[in-house]
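Q: So Swiss-Prot lists these for the protein:
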type: REGION; residues: 1-35; note: region 'Disordered'
type: COMPBIAS; residues: 13-29; note: compositional bias 'Low complexity'
type: BINDING; residues: G46, M47, S48, G49, A50, G51, R52, S53; note: ATP binding site
type: BINDING; residues: D101, V102, R103, S104; note: GTP binding site
Amino acid sequence: MNQQTTNRDTGEAAATNAPANSATSTSTPDNQPTPLDAFEVLLITGMSGAGRSHAADCVEDMGWYVVDNLPPKLLIPLVDMMTTSGSGSESGVHKLAAVIDVRSSYFDELAAVLGHLDDLGVKTRILFLDASNEVLIKRYESVRRPHPLQHGNRLIDGILEERHLLEDLKERADWVIDTSSLSIHQLSTKLYEAMLGSGPTTVAVHIFSFGFKYGMPIDADFVADVRFLPNPFWVPSLRELTGRDKPVADYVLSSKGAKEFLDAYEKAIEIALEGYAQEDKHYVTIAVGCTGGQHRSVAMSEELARRLRAHGLNVTVSAREQHKRHSS
């Protein structure tokens, strides 16, 4: 079966036509409730084995709050809680994604729940993952697991029963993505293109400084050793400062080899980030180490972050040893 993506306007039209007086939650002013017409619900559903779990991971990366295997009847209470309690506003989460399949309790109540959400003015959309019967059979055979609706019968029987149960939901879906010929990376790109209009083009970068004397980091994609630079610890006027203080930063960055190292490392990171974006890796951690994690590594981390931000990258910085002092 050929790859296919379908975009429909059913969900958006229903939200637009909702009564104006039902589009705002009630709450105390201190709770800062989220207006219902500013809240979004996404249902992730489709054929078992078509990629729902991976789709949920991608949607979570897009900023949605994801709940797996949620009974449809709990959607309304959950939306009400996230809007009227103010928790959505405080956390910045205004988008709820629920993974629902035919095994969810009270699946037959879904149509009524969707109608209720439409009446409330909540923008509700459906992402449906599909694949051909032949591909689904191959996928199940490769993992040697039974289909959830197989019930001791043939695998194809379970697939056909599920396809029949999901017919109406597929017709209502805003996006139908056929994953028959898609790899995991291609599915990710397809989801970004369908839901955001473009694929993931940047990688979020976190840089942290550390001290080798306190142990090597275990969660870094890159580790830079800057102990080749002169150590400000041995300069009495700089010892009690950190790499975030200008005198220390000036001392470190003006040292022989600092600029050349940063130039080369910046270029290497740029090349790697371009490749990571193509390989569907959206988060990269860079560790920069010196002896105690107070001076050289901090100054170099801050400067590397400044350079990468100049390229439009989303970069955060932290100091692992910030609570340790008097360390070289």
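Cβ atoms are placed via backbone N, Cα and C, with glycine included.
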Q: With H, G and I counted as helix, E and B as strand and the rest as coil, say where DSSP puts G46 (ATP binding site).
A: strand
Q: Measuring Cα to Cα, tell me the gap between S48 (ATP binding site) and V102 (GTP binding site) in whole angstrom.
A: 9
Q: Quick one: which residues besides G46, M47, S48, G49, A50, G51, R52, S53 have a Cβ within 8 Å of the ATP site's Cβ centroid, in sequence order?
A: A55, D101, L129, A131, T179
Q: Return the count of C-beta atoms lying within 10 angstroms of the C-beta of S53 (ATP binding site), excluding that atom itself.
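A: There are 12 such Cβ atoms around S53 (ATP binding site).
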Q: Look at the binding-site residues M47, V102 and tell me which residue has the greatest number of other C-beta atoms within 10 angstroms of its C-beta.
A: M47
Q: What residues, ordered by sequence, lie under 8 A Cβ-to-Cβ from G46 (ATP binding site) and sit at least six positions away in the same chain?
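A: Sequence-distant Cβ neighbours: R52, D101, L127, F128, L129, D130, L166, K170.
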Q: Between G51 (ATP binding site) and V102 (GTP binding site), how far is it from one CA atom to the other, in Å?
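A: Distance (Cα to Cα, whole Å): 15 Å.
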